Amino acid sequence: MSISFSRTASLETVRELGLPIDEKKDKDSRNEANIDRNTVGTAGENLDDFPDGGLRAWSMVLGTFLSAFATFGFVNSWGVFQSYYEQTILKDSSPSDIAWIGSVQYALIFLPGLITGRMFDIGIFKIPFAVASLVLVATSMLTGQCTEYWQFILCQGVALGLACGTLFGPSMGIIGHWFKKKRGLALGINACGSSLGGTLIPIATRRLLVEVGFPWTMRILGFLMLFVLAFPNLLLARRLPPKRISGGMLNWAAFKSAPYSAYCASSLVAFLGLYTVLTYIDISASAAGIDEDFSFYLVSIANAASGFGRLSSGIACDKIGGINFMAPMTLVAAALTYAWPFATTKADFVVVAIIYGFASGVYVSCFLMPIYEMSDVHDIGRRTGMIMSIGAIGALLGPPISGAINTNTGGYTAVGYYAGSMIVVASALMVLTRQLFLKKLWGKF
């Protein structure tokens, strides 16, 4: 900041002496000085001084934890709905067609990040977050009134997915404002919210479907979301003042960075395969002869295991770097995706669910962490929004592609080969990203 003031002062001196100056540089220097004054005056702290703890900072983590419970936790529960719809309300639709409902959800939890990320960077956060919370509650209840396939697509797929995406994206930006050294741990705790939601919601849904029927099940889930989302709306807040960065929602210059482009490609390919097991493990177990009263627990088991993966990844990523931990654990997820179609007993499916859940939880928890390292703090929202939108394409197409392969082959073996191979390619692209960024074989990243 002092450099900016000195340069501005020097230009004023040159002007008084009547010497020629570069007006553009003069204007830029004035703007830079003004930004620095406003930043310090508003925030009262150096931008590099992240709290990394304290009551206020950890309350942000609590808020994002609960937000993740209601958004990613709800979306990660799709497997129990896929199974229920195939057997009851939408039994005349193919598994691939039904999977589109969940895929739209998966995609839209990422896609709005392109807009909400930019809005977050320029200071627009509270109102969209509150509106999206109300929409999520309303669409949860309205889904209980759906009877036709197109109604489920619009209500549970599009509307609920958009609401979840509008809530999820800014939550990730807030973690970047409050934490740096402990950012991995904060992200890991935040991601445990989705694991808890993905564990409890399928169990509650299954029980409620038997006790009160589908319409009241969705109404009760809506009231649950209303209660849970009240706390993030009260707790969450930006730490830094908004800063006007040139450009709109897209920062095309970011793609000139080879590491960023490679990592975006990795995200796209990863989501083409990562959600396949979570989507189909319930129905595939039933097809293998496992009792349906047990098979529906597999989604909850996978999500519970992912909670341990997410928390451990937060600690490990802070110590050795995000990609250094994610890449090998993503390969483990690929191995379990290859193995999943060959499971035949309860024990087989439980082992697959636990190990796959743990490994995939590592990726979902920390896949945004390298973006924080490659981005300026004021451009975090936009860059995370861009990669989330790219990942949304994979999340949208992955499960239906798997469903179509299942329909055409009559089994899940080819599905496992397809999804597992996508995850292997994603892991290779992560290693390439690290190499391009560090320009050496090993280092913390």
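Quick reminder: no glycine exception, Cβ is built from N, Cα and C everywhere.
Automatic, uncurated: that is what TrEMBL annotation is.
What TrEMBL lists as domain 'Major facilitator superfamily (MFS) profile' is 218-445. Taken from TrEMBL, the feature transmembrane segment covers 57-78, 98-117, 124-143, 149-172, 184-204, 216-237, 258-282, 323-343, 349-372, 384-405, 417-437.
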Q. Which one of these stretches, 57-78, 124-143, 149-172, 323-343, 349-372, has the most C-beta pairs shorter than 8 Å to the transmembrane segment (258-282)?
A. 349-372
Q) Restricting to the same chain and to residues at least six past its boundaries, which positions have a Cβ under 8 Å from a Cβ of the transmembrane segment (149-172)? A) 63-64, 67-68, 70-72, 74-75, 81, 85, 90, 93, 97-98, 100-113, 116-117, 119-120, 125, 128-129, 131-133, 135-136, 139-140, 142-143, 187, 190, 229, 232, 236, 368, 381, 384-385, 388
**Q.** Recorded stretch, among 98-117, 124-143, 216-237, 384-405, maximising Cβ pairs under 8 Å relative to the transmembrane segment (349-372)
**A.** 384-405
Q: Take a look at 57-78, 184-204, 323-343, 384-405, 417-437 and tell me which one has the most Cβ pairs under 8 Å to the transmembrane segment (124-143).
A: 57-78
Q | Dominant neighbour of the transmembrane segment (98-117) in 57-78, 323-343, 384-405, 417-437, by Cβ pairs under 8 Å | A | 384-405
Q.
With Cβ-Cβ distances below 8 Å as the criterion, list the same-chain residues six or more beyond the ends of the transmembrane segment (57-78) that contact it, or say none.
A. 51, 101-102, 105-106, 109, 136, 140, 160-161, 164-165, 167-168, 171-172, 174-175, 178-179, 186, 189-198, 200-202, 205, 221, 225, 228-229, 231-232, 234-237, 278-279, 299, 303, 364
**Q.** Candidates 184-204, 216-237, 323-343, 384-405; stretch with most C-beta pairs under 8 Å toward the transmembrane segment (417-437)
**A.** 323-343
Q) What residues in the same chain, six or more past the boundaries of the transmembrane segment (184-204), come closer than 8 Å to it by Cβ-Cβ distance? A) 60-61, 64-74, 76-77, 79-80, 171-172, 175, 178, 220-221, 224, 296-297, 299-300, 302-304, 306-307, 310-318, 322, 361, 364-366, 368-369
**Q.** For the domain 'Major facilitator superfamily (MFS) profile' (218-445), mean pLDDT (0 to 100)
**A.** 88
